[in-house]
Amino acid sequence: MSRISAEAEKVRHALIEKGIETPMIALTKSKNERRIGIENRMREVMQLIGLDLTDDSLEETPVRLAKMFIDEIFSGLDYTNFPKITNIENRMKVSEMVLVNDVTLTSTCEHHFVTIDGLVSVAYYPKKWVIGLSKINRVVQFFAQRPQVQERLTEQILLAFQTILETEDVAVYMKATHFCVKCRGIKDTNSYTVTSAFGGVFLEDRETRKEFLSLINK
């Protein structure tokens with residue numbers, strides 16, 4: 001098993017301490033062992049719903065699903081996949097808001113294992129550190145690649161950046177469509193869900209929060 005980076009461990013510990021870590025157990029098997037286990041069980045599931053796995057269109061589906069679960073859509077359950085973050089000292093004394101708007105987010109509803117599709121905006125006021133802008137996208141993607149509920153995902157992203165940047169002054173805004181609502185149950189194709197999380201000056205100062213919300217809605 002690969003080792004978890006110090007940055008990833010700090011973030012994981014912060015989430016556990018606050019009680020907002022995704023419910024999960026320790027990974028004791030290798031990726032290949034987990035892929036094989038999922039493949040075998042997905043084969044059973046597909047047969048139980050009546051699919052013919054001798055058909056050439058379906059016979060490799062259990063293999064594809066196992067790879068997708070481990071290497072792609074649920075890769076954020078494994079902290080060895082946490083993005084490498086290099087904190088850059090804020091020598092330029094940047095003091096204005098840094099905002100990355102409309103980060104594409106694709107996650108999976110943990111209740112029905114169908115898609116959550118949306119956009120995320122992340123802002124912070126630098127203190128000691130800044131980070132590369134693409135790292136914001138990568139951290140968002142890491143936490144999205146898990147079975148999720150949107151409210152917890154929003155809080156996880158907030159706390160992750162507060163931990164990495166060593167500042168409370170972070171804001172997160174998320175707008176997403178839930179396919180568990182769109183393609184099953186009520187089958188509402190029009191609604192979306194908005195969540196937000198604020199820390200530091202974004203929480204305490206109404207004008208700062210207002211500025212953030214006006215910028216992301218331009």
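Cβ coordinates come from backbone N, Cα and C, glycine included.
Just one of Cys180, Cys183 is listed by Swiss-Prot for the same Zn(2+) site as Cys109, His112, and that one is Cys180. Each residue in Thr108, Glu110, His111, Phe113, Val114, Ile116, His178, Phe179, Val181, Arg184 lies on the same chain as Cys109, His112, Cys180 and has a C-beta within 8 Å of the C-beta centroid of that Zn(2+) site, without being one of the site residues. Same-chain residues at least 6 positions away in sequence with a Cβ under 8 Å from that of His112 (Zn(2+) binding site) are, in sequence order, Cys180, Arg184. Here the Cβ of Cys109 (Zn(2+) binding site) has 18 other Cβ atoms within 10 Å, regardless of which shown protein chain they belong to.
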